[in-house]
Amino acid sequence: MANRTAVTEYVLLGLREHHNLETVLFVLCLAIYSVNVLGNSLLIGLSMLDPRLHSPMYFFLSNLSLMDICGTSSFVPLMLVNFLEARKTISFPGCALQMYLTLALGSTECLLLAMMAYDRYVAICQPLRYPEIMSRQTCVQMAVLSWGTGFANSLLQSLLTWNLPFCGHSIINHFFCEILAVLKLACGDISLNALMLMVATVVLTLAPLLLICLSYIFILATILRVPSAAGRHKAFSTCSAHITVVVVFYGTISFMYFKPKAKDPDLDKIIALFYGVVTPSLNPIIYSLRNAEVKAAAIALLWGDLLSRKMSHPPCCSSTL
């Protein structure tokens, strides 16, 4: 226990030997983080204010936007401060919380994307039963399952990690407390941790991807049976934004973990940094550019029509998503 509690704070190396580059990263990350928070907050606000967006798809999108805000906020603010500091530190409780939140919210995003794919499957392949299958209660249960599973997995991984002996090691070679960087400090056997991380990756990352692919195979087969070109285009347009988000999310993960290891370790850290900061900020941009309903709601908000529409909308109708 003494070995585990001796460290009261950790030193985050970041790009210690490239201070000028850290200044550039500070400006870029601050701008991207601002776009992330403002864009995702706008999506959440539009989903709440516009009655036309009270549907399961936008309910899950609001959850995704909230998760993106919380995920980046768990490490970006402190990282921005450390970019300007000569000695970059984080307290032990802060490091434990940061690792827990980043892992939990990353797992939750995979599950939410799978839930959104299932929603599109039901909407296109079983449209007559859509209101019955995707009821408000079902959507809430699916969202709770996604959040609960992600946070439960992170709790398990965190307990296993912090139960290891660290022998006073306190230098983390990263911008923030990422679980793999923390495990490198352990001076005990981490085989159980590696096994549990592999199992969690298969269950919470690859399994949702398989479900997403299966959903879109059925969706594509259904769309191809639509007789008119206009009908096929309309059906596909409801999925295009979600497909783009999935490709960006899993594409960046694949690039980060399956690319050849860089000769310069700082390059790997920068790639991981942009994966964690840039990807969440793309979701509101993608949904804004590729979704006519979101664009219409944003225009209505800009011209002041949305608030009046919300006030005039009967409260009873808000019970349906």
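Here the Cβ of each residue, glycine as well, is placed from N, Cα and C on the backbone.
Remember, TrEMBL labels are computer predictions, not curated facts.
Looking at the stretches 121-138, 139-156, the one that TrEMBL records under the feature transmembrane segment is 139-156. In summary, the transmembrane segment (100-118) does not lie against the transmembrane segment (24-46): fewer than three C-beta pairs, each 6 or more positions apart in sequence, are under 8 Å. Same-chain residues lying 6 or more positions outside the transmembrane segment (58-80) and placing a CB less than 8 Å from one of its CB atoms are 14, 26, 29-30, 33, 36-37, 40-41, 43-44, 47-48, 90, 94, 97-98, 101-102, 105-106, 108-109, 112-113, 115-116, 119, 139, 142-143, 146-147, 175-177, 245, 276-277, 280-281, 283-284, 287, 321. Listed as Cβ neighbours of the transmembrane segment (235-258) (distance under 8 Å, sequence separation of 6 or more from its ends, same chain) are residues 57, 64, 109-110, 113, 116-117, 120, 123-124, 205, 209, 212, 216, 219, 222-223, 226, 271-272, 275, 279, 282-283, 286-287, 290-292. The list of residues near the transmembrane segment (195-223) in space but at least 6 beyond its ends in sequence, with Cβ under 8 angstroms from a Cβ of it, reads 107, 110-111, 113-114, 117-118, 120-121, 124-125, 149-150, 153, 156-157, 160, 179, 232, 235-236, 239, 243, 246, 250, 253.
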